[in-house]
Structure formats: C-alpha cells, structure tokens
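Peer 1: After the structure tokens below, expect a handful of questions from me.
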Ligand SMILES: Nc1ncnc2c1ncn2[C@@H]1O[C@H](COP(=O)(O)OP(=O)(O)OP(=O)(O)O)[C@@H](O)[C@H]1O
C-alpha cells in the first residue's frame, strides 16, 4: 500500500484524526536524509526484496510550504491575563466607545483586540468610503484562542468606522454558522451602537421572512428605504433575503465579517459567499466609465485600475481554528491578506526557507486544564454522575456526538435524580434552545448535555467544566468544545472520557496539535459502586421512557 505523502499535513488531522501518522513501513519508499533516493541511501539494490527488517520507523513529516502572509503572521500574545492593553493606550478608539467599554466592565483590551482594532481602524482612516491613500485595504484573518475576545475585535472598529455615516445602507455584514451565535453577536453590536444612529438587524430565520424583511427595508413612494446599517446573519437566511427581499442591497457593503471562518468554508456552507460577493457589485458589470467610488469586480491591480478610487469590500475572518490550507483560503478571494495569529505559523517562506514555528497547530486558553478518563462504555454514565455529584461542579457542559446520545443521556440523568439537567440539540425548537441557554447561564441548570450545536462560539459565563462524553472525532471540534470554559482569562477544566480503543489515537492527535499534555484521571470502581443501585433503577426507567417515546412517535 503506497500512501502518497500528504501535501498539506497541517490540516489533515482536522479532517481525519490519526491519519497523519502514516508509518513508514506502510507508506512505501521515503526520501532518505540528504535527499538521496532510498535505495542508494541504504545500499540495497533497486528491486531487491528485503526479508525481515520489519521495524517501524516514522515517515519524515512533510512541511507545508506556505505563502508569506500565512508563514509570517503578525504575532498576537495568547495570554489574556498578562498582555492587557489599557483602553487609554489606544486613543484611536472613539471616546464614546471607550466609555461604553468601561461601562461594561472592560478597562483593558485583550491582546487580539489591541492588535486588530487599530489595524481595522487604520484601513478606514479616511472614512469608510476609501482605503488609506485611496487604495483598497487588506483583508484580515485572525486566529486566536477561544474566549480571547475576538467578537469585540471586530465590533468596535466596525461600529466606529460606520458612526459618521449619513444615509442608512447595509455597510457591514457579519455571517455566523448558527442562529444562537448570530444572536449573541448581534447583542454585542447592539450594545455598542446603542447611543449611535446605527441600526442592527438580525436575520437567522428565527422570525418569519416577512418580519425580517420589515427590519431590513421599508417601501416608499419612489422605491425602498434601507433600515439596517449592520446585518448579522446565518448564511442560508442571508441568501433567502438576497433572492427574495425587494430593495435589500449589499452594494454599499464595506465590511464582511466571517466569524468561525473555517466552519463557514466547509462544503455545506460554501455557496453563500459567491452570492454575497455578487450582490455587493453592481449588476451592470464593468462596462462604461465607473461612477465615483463605484465598485468593480477585481481584476489585475494596475496603475489604471487603482486610479479610480472605489469603495472597498473588506473581509475580516475570525476563528480559533483558522485553516492554514492556502487552497481553502483561496476560495474566499482574499485581497492582499494579513494574518494575526497567536501561534499558527509553520512552514518555510520563499525568502528565507526557514521554519517559523510558533508552537502547536492551535493555541488553547492558558487557564484550561485538560484531563482524560479511561473508562469502559458501560461505566461512562456513572463517570459523569460521579464528576458532578462527587466533585461538586455546579455548571457543566457535556458533549455527545449525536442528538440521540444527548437525549438518552439526558433521560438517564433525569431518571437518576439529584442533578438539574437539560439537553440542547436540534430536537428542540429555536425558542426552547434560547430558553435552555438562558437558564444555563443563570445557573438554573447544573448539567447541560449538548450536541456540537453549542461547541462553537457560545459564550456562557461561569462554565467550570466541559466533559467530552463522546470523544470528539476531529481536532477542531475538541478545540471549540473545551473552549466553552476557561474564557476571558478564567480557569476551567476539560475531561474527555476515552475507551481503551480510542486512547492512543486521541492522545496522539492532541499532542500533534500542541495541546498541553492531558492529565490521566482514573476513577476507581469503588467510587462508582455507591451509585450503582440508583443507576440501575434509572436504566430501567430510561427503557420505559424510550419505549413510550417510540409508541408516541408511531401513533
Ligand atoms: N477586553 C476584555 N476585558 C474583559 N472581558 C472581555 C474583554 N473582551 C472580551 N471579553 C469577554 O470575554 C468573553 C469571550 O469573548 P468572545 O466571545 O469574543 O471570545 P471569542 O474569542 O470570540 O471566543 P470563541 O472563539 O469561543 O468564539 C466574553 O464574555 C466577553 O465579554
């Protein structure tokens, strides 16, 4: 079996954990040190069949060759407790916004904010209609750990850049993968636009299309009036409005924020971006002399193309797990991109050929402690009950890999009693999901059992513990799940329950990602024993509940 060497191993473990560790024995001939072909290096004649020598050795790791902007990012400190920048040290931020920040208990910027806010403000230094010196500003990509304050890193400069606008038009669009996340981001925009004339609209499908249309445009005697400066949307609903809302125009769009950018590039979401970009340019193409500041589809940058200032469409990408795969990033059509990163750069640059290794593949919050619990399939529910009942955690977020698993575990814990428990998955309607999250935030729910619907971006204060009841399949999923705790400089714990067969691959996947070593946490059976009688009664009750649900479904 000759496995081709991965072109871009930087992303491989994300898609298929463990596959990056191809052993040399199976991988076929690899190049020997010094670049000689293997036969020559070993002195073995070509075509010779080697008997014995079955020792395994690791195939040399292929280093990705990255474009300079990816290989040489602007480095951002990752410790949000140490590298704070007092608000007054960034005087470019409008005094009203500074006041608002203080009113919300923020006296210093986190490192990612201190780096990104001035960069975005600089690109709008001459007003939002043209970039500095009339040139189109760079698109920005930001890769920083979960809970490091990426939301404010775009909210503050976008609000400030749009504050002097005279006519209401959609000038900023933030696209997020889920309704809950979009709602969370629109809340933050609302806080900072509150005392300004700017209006924020949320389009996620939580309300009817007609209701959302009413918040976007108003019919007038001679056309339509725009009612939103900033639109926060999920991709599907956004495309619905592009197609079906008369008068909804993105032709004045100045900022396109793509939060959770790696997720938004996944195949299921891909088609929304070309639709938005097409909607941001005039329909009549590039024929005829352009009107002042009229945007034209980007061609080669030449003296002629830069002499007519046009309103830029600047893309701002954010994620804790931003891909380094240039092919994936290319789909976004980034313009002279700039990367801010807390430790992503690896790979050679064309100029120096040197490696820039800033640590692991992704960075984790400094206050996060990672553990794993070796256990059998049967003991899993007991282990989670032990963690909650005996270790006194009061706000626990527990992830499973499917909504069925979430539901059953929820029914089981509920039947066991003694824990306030709820589930969160697509089984619930949007309204119910909102209520559950609110109750969890208010501390009314001790254990929230969830699918990956809450794995990304959701910012719930005070989560002390994340449990991976089912081990996540992908590295990215792990990063986001455990990132629901230890946010904004707080500490937190993450426990992953691992079956014997999962242990080696999982630990290897995390080691390759640069996660701090997972501490092994054994739960001896004598600690679980006292829970067994009540647990068995709960199992019997679960069986009855599942049968009843099946009966109701069939009826
Ligand atoms: N400068 C600051 N000082 C104190 N708290 C802050 C600051 N900036 C942000 N926060 C708080 O930190 C928390 C995490 O911020 P945010 O949700 O923006 O993180 P994030 O980097 O987007 O995380 P994720 O990758 O999980 O989406 C929020 O509760 C936010 O209010």
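Positions of Cβ are set from backbone N, Cα and C atoms, glycine also.
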Peer 1: Using TrEMBL as the reference, determine which range in 1-46, 47-92 is annotated region 'Disordered'.
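Peer 2: Going through 1-46, 47-92 one by one, TrEMBL flags 1-46 as region 'Disordered'.
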Peer 1: Average the pLDDT scores across the domain 'Helicase C-terminal' (383-531) and report the rounded value.
Peer 2: 93
Peer 1: Do you know the DSSP helix, strand and coil residue counts for the domain 'Helicase C-terminal' (383-531)?
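Peer 2: Helix, strand and coil residues of the domain 'Helicase C-terminal' (383-531) number 67 helix, 25 strand, 57 coil.
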